[in-house]
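Encoded as structure tokens, the structure appears first; notes follow it.
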């Protein structure tokens, strides 16, 4: 039976354990994701508390991260989504981007830092592309490309 969380506390605590183990074992999210049958972005978001994992995928990542049966069950629960606190936009279109950042923001940050190092993706030296494409299931889809220059953090 599918279970749902009523607060972020349990998933946040598990996410902290996961990131600590990932760091200690020198694993990448790509390595943790191998064998799940899911995208690395989805699995990363799940490990950071933003999605439930299917049972098989939860067991695969648990084996790599030395997680117990309680953690495997917790990874399968529907989380309280949104990892970035703050004000909420009211425009419906803008809100959807806010929602995307709430769900995937911590995932994007983790994957950018993992692939590029400590730094940011510039919104100044930046390209944005939006394309409308047909959805094979009917209707349309929006393909949005965010292309920003990586800027490393420089110690001083």
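Using N, Cα and C of the backbone, Cβ positions are placed for all residues, glycine too.
The feature active site is assigned by Swiss-Prot to 96, 99, 122, with sequence analysis given as support.
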Across every protein chain in view, the count of C-beta atoms other than its own within 10 A of the C-beta of residue 99 (active site) is 14
I need the CA-to-CA distance for residue 99 (active site) versus residue 122 (active site), whole Å please. 21
List the residues of the same chain that sit at least 6 positions away from residue 122 (active site) in sequence and have their Cβ under 8 Å from its Cβ, in sequence order, or write 'none'. 148, 149, 150, 151
Please classify the secondary structure at residue 122 (active site) using three-state DSSP. strand
Just counting, how many other CB atoms are there within 10 A of the CB of residue 96 (active site)? 12
